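Record features (TrEMBL):
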{"type": "TRANSMEM", "residues": "55-78", "note": "transmembrane segment"}
{"type": "TRANSMEM", "residues": "90-112", "note": "transmembrane segment"}
{"type": "TRANSMEM", "residues": "133-157", "note": "transmembrane segment"}
{"type": "TRANSMEM", "residues": "177-196", "note": "transmembrane segment"}
{"type": "TRANSMEM", "residues": "208-226", "note": "transmembrane segment"}
{"type": "TRANSMEM", "residues": "246-263", "note": "transmembrane segment"}
{"type": "TRANSMEM", "residues": "283-304", "note": "transmembrane segment"}
{"type": "TRANSMEM", "residues": "340-364", "note": "transmembrane segment"}
{"type": "TRANSMEM", "residues": "385-406", "note": "transmembrane segment"}
{"type": "TRANSMEM", "residues": "418-437", "note": "transmembrane segment"}
{"type": "TRANSMEM", "residues": "449-474", "note": "transmembrane segment"}
{"type": "TRANSMEM", "residues": "486-511", "note": "transmembrane segment"}
Amino acid sequence: MASTLKISSIGSDETLDQSRLAPILEEQPTRVSVDEEAFGAPVETISPLGYHVDWISVIFLNVSRIIGVGVFVTPATILRGVGSVGISMIYWVIGFLFSAASLCVYLEYLCYYPQRSGGIVTYLEKAFPRPRLMAPFLYACLFCTLSTSSAACIVFAEYVLLALQYEITKWNVRGVALGLSTAMTMICILSTKWSLHFSNAIGMVKVLALVLIAITGLIVLCGGVPHVPNPGANFSQPFLGTSNNINGLVSALLKIRFSYVGWESVFSMVNEVKDPIPTLKKFAPLSLGVVFVLYMLVNIAYFATVPLEKIKSSNEMIANLFFETIFPSSPNSTNVALTVLQFLVALSSLGSVIAATISASRIIRESGRQGLLPYPQIWASTKPFNTPLAAYLLRWSVTSVLIVIPPPGDAFNFIVDLQYYPESIYAFLLVIGLFLVRRRRAAVGAPSVPFRAWTFVAVFALVVNLVIMIIPWVPPEGGIYAGDVSFFYATYCIAGLGVIALSCVIYYFWYVHFPRRGGYRIRQITEKLSDGAQTSKIVKVPVEALEEWDSAHVDDVEHLVGNEEGMRDRM
């Protein structure tokens, strides 16, 4: 009777007949060591989620995610920080260049792994194969527990209530915010196709609204609005009043960076694009370019219409000042333009919520497929609606908790800010990982790919992300207690590092301590589900059987260096 090798996995025991190992070992004599990259999620050659992401969705998923409330608020904040119109406009260009450099990094990763969705969690897995699964594990701990749409949902609720002239109370806001989160989640669960159509439609409305604001600004500049005096006055001396306050300049740089967040959304859905490399090469940069042009034109419209000192001294949204100047109302009448603006802000928040929900579900699903979440079959499954149901429910649950539990003010702002600092660290590591992937490819003589970021662009992205990691530690102008919370301004940075440290501790016990104590090592096997989805499954291999197991499960060298762009049959 042939001896058997017993493999323990979560929730089941599997037995591997050792007599089956010999022919496998003969066929796979010397390939890449399993110590390098026999880990991570398997490639789904045919996407079980379908191919609903066309070029229109590539553009408007990103556009809808990027253009949120910031375009109606941030220009005034930037102006107050830098002091002059000229520097403010330059900052918007700098923000675009920051994002464009990072986009190039993502495009190069895409060319290496064109059949893997998940974006950053996948690219971290590939860039840092050792310690095994550590990089994606740390990111998954952060993303699955702290990445939510709670802030955008609350902004939507507040502006809808304002527009409808309902009383704004804590529970009114929470109720509307929770209703929005639930409705958007249900749409996404029921149909990927129609959720993308909905996101695209909102993105188009956002673009149209900003185009109308831009056109109105150009009309003002040309003197077409008689009640706006001196429309070009703010541009006559564009650098007058430029601040030399390092705090304001640095803070404005960080806000500019956040104004472009969302350009990476479509990279979480790469395997749902029929021809991902040519499609994203063309339309992902186009989406960022469209946003940049709109941002510049809208800023010109604001500065052409609203006096500079009024922008600096007012606590109102700059978009509100713009609408009030263009469409003044009598003291006893309702300002229709203001109501329209409030609905527009709410709509922008809604678009960000659905785009972020779609994108985040794929990152969570990929984390499950990597074996980083318990019961990976549940996360990988696309039943019953051909959508990642479990991922959507987790996202909705975390968002709902953060909408309902934290009190408004310091606690809520702190929790919302908490994810941002670790995110900047992982973005920095991702660029370092790109150079590591390049080195491994060069070592095995891997073929060239359709897109490779210029080295100076990758270095620029690396420097930018390093700066973004440093900026939050610069004290605000009013001192260490003058941040957006009443306590120490950098508490969220310290807590963010604590989240990473805690994740490292959890990883150590899961992957190192318990296996040593138990006399086993963690490995992964691929499991194919009835709906066509594939997932990695964590198994516990006894130490005495480890050599046979590793020899029998050596990954192809192409898996290590990222050459997964073979021919696919498309649905």
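Here, residue 1 is simply the first one shown, and the rest follow in order.
Cβ coordinates are placed from backbone N, Cα and C, and glycine is handled just like the others.
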Cβ-Cβ under 8 Å with the transmembrane segment (177-196): same-chain residues at least 6 beyond its ends: 49-50, 52-53, 57, 61, 149-150, 153-154, 156-157, 272, 350, 353-354, 357-358, 361, 385-387, 389, 392-393, 395-396, 399-400, 403-404
Cβ pairs under 8 Å between the transmembrane segment (133-157) and the transmembrane segment (385-406), at least three: yes
The transmembrane segment (283-304) vs the transmembrane segment (449-474): 3 or more CB pairs under 8 Å: no
The transmembrane segment (90-112) versus listed stretches 55-78, 208-226, 340-364, 449-474: most Cβ pairs under 8 Å: 449-474
CB contact flag for the transmembrane segment (449-474) and the transmembrane segment (246-263), at least three pairs under 8 A: yes
Leading stretch by Cβ pairs under 8 Å, where the reference is the transmembrane segment (246-263) and the options are 55-78, 208-226, 418-437: 55-78
Sequence-remote partners of the transmembrane segment (486-511) [C-beta within less than 8 Å, at least six residues beyond its ends]: 131-134, 137-138, 141-142, 146, 410, 414, 417-422, 425, 472-473, 475-476, 480, 522
